[in-house]
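Record features (Swiss-Prot):
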BINDING   Ser56, Thr57, Arg58, Thr59, Gln83, Arg107, His134, Pro135, Thr136, Gln137, Cys274, Leu275, Arg320  carbamoyl phosphate binding site
BINDING   Asn168, Asp232, Ser236, Met237  L-ornithine binding site
Amino acid sequence: MSGFYHKHFLKLLDFTPAELNSLLQLAAKLKADKKSGKEEAKLTGKNIALIFEKDSTRTRCSFEVAAYDQGARVTYLGPSGSQIGHKESIKDTARVLGRMYDGIQYRGYGQEIVETLAEYAGVPVWNGLTNEFHPTQLLADLLTMQEHLPGKAFNEMTLVYAGDARNNMGNSMLEAAALTGLDLRLVAPQACWPEAALVTECRALAQQNGGNITLTEDVAKGVEGADFIYTDVWVSMGEAKEKWAERIALLRDYQVNSKMMQLTGNPEVKFLHCLPAFHDDQTTLGKKMAEEFGLHGGMEVTDEVFESAASIVFDQAENRMHTIKAVMVATLSKLNN
């Protein structure tokens, strides 16, 4: 793990394919050690700040449990718990927290915010999610894919992302494919494709690593032979209702359902989702969607697929913690370098 100590974790393309693989290997080892009761605390005495300008269940729990497992202490600064960007500039916040903490996680808005924190904090800064990138999620996804196809290299796997691919998930998937050589297919209406410049950059890198990146509106063509089908929510609670109708009309044909799974022609195809998922009407938003748009069987994914044997979303959710732990150990522990 040489080269990781005191390094930031802001986006995947900051790393080489070898570095990404070493992080995944460390995550697998830390997971195995925890399961067998052999985990060694390498972050004892470390203090970690968790800045959340956007709430999250999985990201917060993953960072907190990972830190506690490794002997570190955390301070949670929620959306109303800090003055970042309001009464105190990001630059000043970084310099203050950097004097008190050994590492800082940021989950919130623009990528420029986490980049500024990294520039001025003087300690490792980790991107828990920005509008542009979600690198910790992709680490968990890659580990999950390795676990479910242990005999295959990434450049022998086909990953399909169906839905709105112009968000942080789409961008980070492009970066992951660039580094691993995945056969990545973004199956989405053209209005939901990522920025062309990032696609071009990542496609060239992916091809160097034995992979390919395809963007298509054709569901049947896009999912053929897939090993994994991935999706994410179409709408968020904070968005205007007018956006809901527009987004659902745009994406309805890209719902992950039993037909899409069958179109892969692969009886072993697995389903991935970064969660939370609107697969039923058991949530406030899910219920509203069902009532207003007739999506009673699920929105971006049907309940049938979500609850099927093909669904590995909870393996994926657990792996958030193990991979985040690997990032913290690699960047904060001299014992691991």
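A Cβ is built for glycine as well, from the same backbone N, Cα and C atoms used for every other residue.
Here the structure is a predicted model, which means the values were calculated and not measured.
Annotated features taken from Swiss-Prot, shown on the structure.
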| residue | record | DSSP (3 states) |
| --- | --- | --- |
| Ser56 | carbamoyl phosphate binding site | coil |
| His134 | carbamoyl phosphate binding site | coil |
| Asn168 | L-ornithine binding site | helix |
| Asp232 | L-ornithine binding site | coil |
| Cys274 | carbamoyl phosphate binding site | coil |
| Arg320 | carbamoyl phosphate binding site | helix |
Of the binding-site residues listed as Ser56, Arg58, His134, Thr136, Arg320, the one whose CA lies nearest the CA of Ser236 (L-ornithine binding site): Ser56
Between Thr136 (carbamoyl phosphate binding site) and Asp232 (L-ornithine binding site), the C-alpha gap once rounded to whole angstrom: 15
Minimum Cα separation from Asp232 (L-ornithine binding site), reported as the residue among binding-site residues Ser56, His134, Arg320 that achieves it: His134
His134 (carbamoyl phosphate binding site) versus Asn168 (L-ornithine binding site) - Cα distance in angstrom: 6
Least Cβ-crowded entry, counting other Cβ within 10 Å, from the binding-site residues listed as Ser56, His134, Asp232, Cys274: Ser56
Greatest C-beta neighbour count within 10 angstroms, which of the binding-site residues Thr136, Asn168, Ser236: Thr136
Sparsest Cβ surroundings (other CB atoms within 10 Å) among the binding-site residues Arg58, Arg320: Arg58
